């Protein structure tokens, strides 16, 4: 049975651990020590790392983990080639721990950002999509980020969204400022506030929920998306 657990890291990162029996897959290790502690506590053997993009708060733990577990497979796009020993490309599919993994192009935040859709049910999207928001455009461009959101919108509503940061509360404040008031948005703001007051993650979300509460997922045109993204950058 698959278990998915977030390890809080740095100020607001999540390192996601996919656990199946005694084996584990690590997504975007921001640091190594927290992962070591989790693996030891649960007596897990890490078999692979999935990297979404080349920002230090998603890769800084790789070197330490590889030093301890040198046989791990490390997947990523060409922009993380200094870490990855398995370079993957959009729409490539592979299997880990009996799980089918599909690579989804999600550039924009960075030029070669990718996401991983596991068993057509679990989306590990790094900084391409957050609950209520999306990543800033750095080394990618607005068109690429907009296109990535269209790919996410095309996924089934039941797909769970495992983003790389706990940004939900601030994102929903922005959503409240730019979207028409809705019961769904208010309910999710209340839910996020309660969870964070209990020091619990607001993630995962789902694609269906994000279509309702995420202004960037509701942008119909590129121009509309750019206006929203620039407003959020200065919010």
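Yeah, the Cβs are placed from backbone N, Cα and C, and that goes for glycine too.
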For the Zn(2+) 1 site that Swiss-Prot assigns to 53, 55, 109, which of 28, 127, 141 is also named?
127
Could you look at 165, 188 and say which one Swiss-Prot places alongside 57, 58, 127 in the Zn(2+) 2 site?
165
In whole Å, how far is residue 58 (Zn(2+) 2 binding site) from residue 109 (Zn(2+) 1 binding site) when you measure between their Cα atoms?
13
Densest Cβ neighbourhood among 55, 109, 165 (binding-site residues), 10 Å radius:
109
Measure from the CA atom of residue 127 (Zn(2+) 1 binding site) to the CA atom of residue 165 (Zn(2+) 2 binding site) and give the result in Å, rounded to a whole number.
7
Sort residue 165 (Zn(2+) 2 binding site) into helix, strand or coil using the DSSP assignment.
strand
How many whole Å apart are the CA atoms of residue 57 (Zn(2+) 2 binding site) and residue 127 (Zn(2+) 1 binding site)?
11
Whole-number answer please: how many Å between the C-alpha atoms of residue 127 (Zn(2+) 1 binding site) and residue 58 (Zn(2+) 2 binding site)?
9
